[in-house]
Amino acid sequence: MANPTHSQVVAAPDSSGRLLRLVSASSVMMQLLGKSTNIRMSQILEHHEDEDFSAHRTKIVCTMGPSCWDVDKMVQLIDAGMNVCRLNFSHGDHEAHGRVVKNLQEALKQRPGKRVALLLDTKGPEIRTGMLEGDKPIELHAGDMLKIVTDYSFVGNKSCIACSYEKLPSSVKPGNTILIADGSLSVEVVECGKDYVMTRVMNPAIIGNKKNMNLPGVKVDLPVIGEKDKNDILNFGIPMGCNFIAASFVQSADDVRYIRSILGTKGRNIKIIPKIENVEGLLNFDEILQEADGIMIARGDLGMEIPPEKVFLAQKMMISKCNVAGKPVITATQMLESMTKNPRPTRAEAADVANAVLDGTDCVMLSGETANGSFPVQAVTVMSRVCFEAEGCIDYQQVFRATCQATMTPIDTQEAVARAAVETAQSINASLILALTETGRTARLIAKYRPMQPILALSASEETIKQLQVIRGVTTFLVPTFQGTDQLIRNALSAAKELQLVSEGDSIVAVHGIKEEVAGWSNLLKVLVVE
């Protein structure tokens, strides 16, 4: 059978017999495979230690933890390229995360021109094994029978362990596979009782207390937001000024709407980023994307739900659809995993980061590398360098044309002006695109078309400035007011000169609204020369 083309549907059967349909017909980056890069030998052979890699366009999300959460280390992370601070609520309490936020605020006082967004990552409907006798790991061998009970108070041993998911016996059936401890242990279901599941161990493994469990191909009957998550969002996320909620294990658009209802009026401006990490999330991706403000590709758990050789297809499909929708996408998990212990990444890891950039991701994320690793600052530095290099070999005109082709028409006035701004900037070889934006939409629409020029977004809203930290190619500048547009633009150009984004005599393209008092409707495009 011939290999499928990029315009065909790539399908893989999951454990339920359904087809996991990964449609790549709308792909922007995949359509340009082999055409969107312009690589010269000099780029490969030249190496400049003093090059400013902080100009990378792809944003970097750093997970907080003991290795990086003191003030001095945060300052170093900001200098190395951190744009978003991720608070992982699978670990730690409100007091600990509150100290992180306070330390970040102190660090930013030392870097007054920088902005770092806050992302609250929920624990979500996680399933875990229970405690073990004597807190000692158990050793299992292939062929062993292992009983899993739903009484979570049960203290386990090598023949029986507890599980936190009460509906496990009714959710799985004989023949299903259960993955434990990040997949290091696979067991096959052989019998389902009222309050237990009997399984057969498929491979030798040693597991400890409270390890995570995955049920590939099984729809887990747990709320996307539990009581702990509600408490974290309402009593920490909103009052502490978090800009994003990364919601774990989202399976449908209804899940996103439910989270929005929890946020209510007090949290109405917080952006929701569903994490796609199971088959249901993939199958319902289009409806989730339509309802969401962005997407996180959580490759760790996703790689347990679908075959590992399919993860890259899912990644490319999701990034492509986010690009066409003009919504930010974060690529996450094990990007520089070896740097938790080593000062240099594996070559495969560096290539993984670069390929995510070439795919079109807005952000790349570090997890244990910064939270618990021995080289957190080096990890961010490496990521900045790789992003910078990958961005330098993209054919932005090809990407622009493909994005225009993939975007359904008609488009609204604001997007038409944004698209025209990018095309004009290309035509006149402008050095910068300037966007005056109250809500951030103008800057997001310009960034959707991936101009080769940097985008400088001016906003009077600190909240908007923070939320633009996940948008690829956007640099932000806080202004006191939008009254007096011409003076604002002059001030912005002076700031751009200080940031070395433009020089005297350069052409720039500016986008803003005719009516200064009306937010969310930019309909004016100007071409200016820097004086």
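Including glycine, each Cβ sits where the backbone N, Cα and C put it.
What Swiss-Prot records for R86, G300, D301, T333 is substrate binding site. According to its DSSP assignment, T333 (substrate binding site) is coil. Counted within 10 Å of its Cβ, the other Cβ atoms near T333 (substrate binding site) come to 19, all protein chains included.
The annotation K(+) binding site is assigned in Swiss-Prot to N88, S90, D121, T122. Counting every protein chain shown, the Cβ of N88 (K(+) binding site) has 20 other Cβ atoms within 10 Å.
The ATP binding site annotation in Swiss-Prot covers N88, F89, S90, H91, R128, K211.
D301 (substrate binding site) has a Cβ environment of 23 other Cβ atoms inside 10 Å. The Mg(2+) binding site feature in Swiss-Prot is assigned to E277, D301.
For K275 (site 'Transition state stabilizer'), the count of additional Cβ atoms within 10 Å of its Cβ stands at 23 [all protein chains shown]. Secondary structure at K275 (site 'Transition state stabilizer'), taken from DSSP and collapsed to helix, strand or coil, is strand. Marked as site 'Transition state stabilizer' by Swiss-Prot: K275.
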Spatial neighbour of K211 (ATP binding site) that is closest, considering only the binding-site residues R86, N88, S90, E277, T333 and their CA atoms: S90
Residue among recorded positions R86, H91, R128, K275, D301 with Cα closest to the Cα of D121 (K(+) binding site): R86
Spatially closest candidate among R86, F89, H91, the listed binding-site residues, to T122 (K(+) binding site) (Cα to Cα): F89
Shell list (K(+); ref centroid = CB of N88, S90, D121, T122; cutoff 8 A): L87, F89, H91, L120, K123, G124, A246, S248
Candidates R86, H91, R128, K211: member of the binding-site residues with the richest Cβ shell (10 Å): R86
Listed in sequence order, residues not in R86, G300, D301, T333 with Cβ within 8 Å of the centre of the substrate site Cβ atoms: K275, E277, A298, R299, A332, Q334, M365, S367
Distance [Cα-Cα, Å, rounded] between H91 (ATP binding site) and G300 (substrate binding site): 17
